[in-house]
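*Asks:* I am attaching a structure below and will ask some questions about it afterwards.
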Amino acid sequence: MNRLMILVFAAVFLALASADEDVDIAKRGIPCLCVSDGPSTRGNKLSGTIWMKTGGYGGNGCPKGWHFCGKSRGLLSDCCKQ
């Protein structure tokens with residue numbers, strides 16, 4: 001069971017790390033709460049997408065054409081909006 005969880009986590013991590021090559025990532029990524037979405041997730045649309053921080057991006061972890069929209073920065077990922 002632990003091996004399966006590690007495998008699934010690694011697959012999601014690799015998919016998100018290489019997602020900048022995907023044209024339609026805004027519809028495929030993991031949604032996150034932007035500051036502009038409101039105070040809670042109940043009934044609010046999650047308009048951000050979680051991006052994994054990689055070496056090719058700037059200090060904010062968001063790819064070119066996207067901007068940071070979350071309340072705080074994550075250790076390995078940021079909530080970004082196109």
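Yeah, the Cβs are placed from backbone N, Cα and C, and that goes for glycine too.
Pulled the feature table from Swiss-Prot, pasting it below:
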- 1-19: signal peptide (SIGNAL)
- Cys32-Cys79: disulfide bond (DISULFID)
- Cys34-Cys69: disulfide bond (DISULFID)
- Cys62-Cys80: disulfide bond (DISULFID)
*Asks:* Near Cys79 (disulfide bond), how many other Cβ atoms are within 10 Å of its Cβ?
*Replies:* 26
*Asks:* Show which residues of the chain containing Cys69 (disulfide bond), separated from it by at least 6 in sequence, have their CB under 8 Å from its CB.
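*Replies:* Expected: Cys34, Val35, Ser36, Ser47, Gly48, Cys79, Cys80, Lys81.
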*Asks:* DSSP secondary structure for Cys80 (disulfide bond), reduced to helix/strand/coil, please.
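*Replies:* The residue in question, Cys80 (disulfide bond), is strand (DSSP, three-state).
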*Asks:* Please classify the secondary structure at Cys32 (disulfide bond) using three-state DSSP.
*Replies:* strand
*Asks:* Are there residues of the same chain, six or more positions away from Cys62 (disulfide bond), whose CB falls under 8 angstroms from its CB, and which are they?
*Replies:* Trp51, Phe68, Asp78, Cys80
